[in-house]
């Protein structure tokens, strides 16, 4: 590795954009939030400290055959280093920080007694953020169900989860709601149900028997729809509680987030256009149509039939309007076609992708470790939601680019990726989308749920070999700082000199 013994590294980046794409932070409304994100299991570590009990991710990462992906036992050690991280956020100029609460740290048995040390940690974290002028955006659930509830009744495929999730949410609203004004109930609800109960790639690892993944239990033709149904009802129940009991005094907002691929027809044929609409109904409408109109998309009801649960009239009314905003998690875009071609997941005999009945082809020239930007995909998502779902308020809760671990601090490709998506988001806003915030994934290097420590998304490098988990800024941290404080404009052929205070080395 080539070393540069410099106190500062100056890089010149040519940002080639069109005149119409030129923008600065000032082009966005003053109350628009720019931030960065993490999640509890991926950031905190300290999995067996101060009363925390195992979540399903602890079990999954330790017991399932996932190669050398590791686990989140220590990860970035945010539990002990949160003050240092908040200071870095403040230095970066973050306006908001999105994090999740570990249910099993706050309520170790899943219900009942609150863990005072867990409660104190989150109170201190929120206090630290606010003291530095950073708005907390709190996710209640990011894949990490207490293992005790999974063992007791099977977690999200059992309607008992609705009552337990609502009780857990009640504790969070009561204890943190005076200082938290933005709540996301459940993280990327669509891909959570698919990954956990159809594909078996995330806990509890359920899927039908197949030659690709060795799931010990599950039914891919029914369980993802059961889980999705209970996710929606749990969200609606928590939202109803918040609005009846807390909203009038706490003045906050509550929403649900979905994972959204950009989806575009592979050709201009009518068949591909119909296939794309069907894919949007399954990927977006599965969660969004109940939240806005109270029922599932007709395309899903026709295809899935009796395997798709039915909302009662009361449930339908409770769902409508239960999200004050929609959270969008977006990374990449696919072309959609009816014609056979490689799909995003291996073909299986049953499940969500068979029901959807389309083939998906990557629109980006990407590898597992490096994604090409396709910002037009995000712009298309925002336009579609505006037109199809009454233009709800939207927060882009995750967007970012993976790179190989220990590759470089000069992550210029990540900078180009992020600025391209911010530009696309601005275009959508100019066209009427009610988008109100953007969060880079991720604030610092973390334990990535699907790739472990083989990839990193962070704007700060974390040395996972160092017991102290030393943080070092990447160039993207300096770029984001400059963009947020107005010293960097994204404009036509601008030559922008970024100063990154990287001591000793620009490569790792």
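FYI, residue positions are counted from 1 along the chain as it appears here.
Every residue gets a Cβ built from N, Cα and C, even glycine.
These features come from Swiss-Prot:
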ACT_SITE  188  active site, proton donor
ACT_SITE  398  active site, nucleophile
BINDING   42, 142, 187, 188, 331, 398, 441, 457  beta-D-glucoside binding site
DISULFID  207-215  disulfide bond
CARBOHYD  214  N-linked glycosylation site
CARBOHYD  219  N-linked glycosylation site
CARBOHYD  365  N-linked glycosylation site
CARBOHYD  431  N-linked glycosylation site
CARBOHYD  463  N-linked glycosylation site
CARBOHYD  485  N-linked glycosylation site
CARBOHYD  501  N-linked glycosylation site
Checklist entry - Counting all other Cβ atoms within 10 Å across every protein chain shown, which of the disulfide-bonded residues 207, 215 scores highest? => result 207
Next on the checklist: Which one is it, among the recorded positions 188, 207, 214, 215, 485, that lies nearest to residue 331 (beta-D-glucoside binding site) by Cα separation?
Outcome noted: 188
Checklist entry - How far is it from residue 142 (beta-D-glucoside binding site) to residue 188 (active site, proton donor), counting Cα to Cα, in Å? => result 8
Item to check | Annotated beta-D-glucoside contacts 42, 142, 187, 188, 331, 398, 441, 457, maximal Cα-Cα distance (Å, integer) | outcome: 18
Checklist entry - Under 8 Å Cβ-Cβ from residue 485 (N-linked glycosylation site), six or more apart in the same chain: what's there? => result 25, 93
Checklist entry - Given the recorded positions 42, 207, 214, 441, which lie close to the residue listed as 'active site, nucleophile', meaning Cα to Cα within 10 A? => result 441
Checklist entry - Which residues does residue 42 (beta-D-glucoside binding site) neighbour through Cβ under 8 Å, counting only same-chain ones at least six apart? => result 72, 75, 76, 142, 442, 446, 447, 448, 449
Checklist entry - How long is the line from the C-alpha of residue 187 (beta-D-glucoside binding site) to the C-alpha of residue 365 (N-linked glycosylation site), rounded to the nearest angstrom? => result 27
Checklist entry - 10 Å Cβ neighbour count around residue 188 (active site, proton donor)? => result 25
Checklist entry - About how far apart, in whole Å, are the alpha carbons (Cα) of residue 457 (beta-D-glucoside binding site) and residue 215 (disulfide bond)? => result 29
Checklist outcome for this item: Rounding to whole Å, the Cα atoms of residue 431 (N-linked glycosylation site) and residue 463 (N-linked glycosylation site) are apart by 42
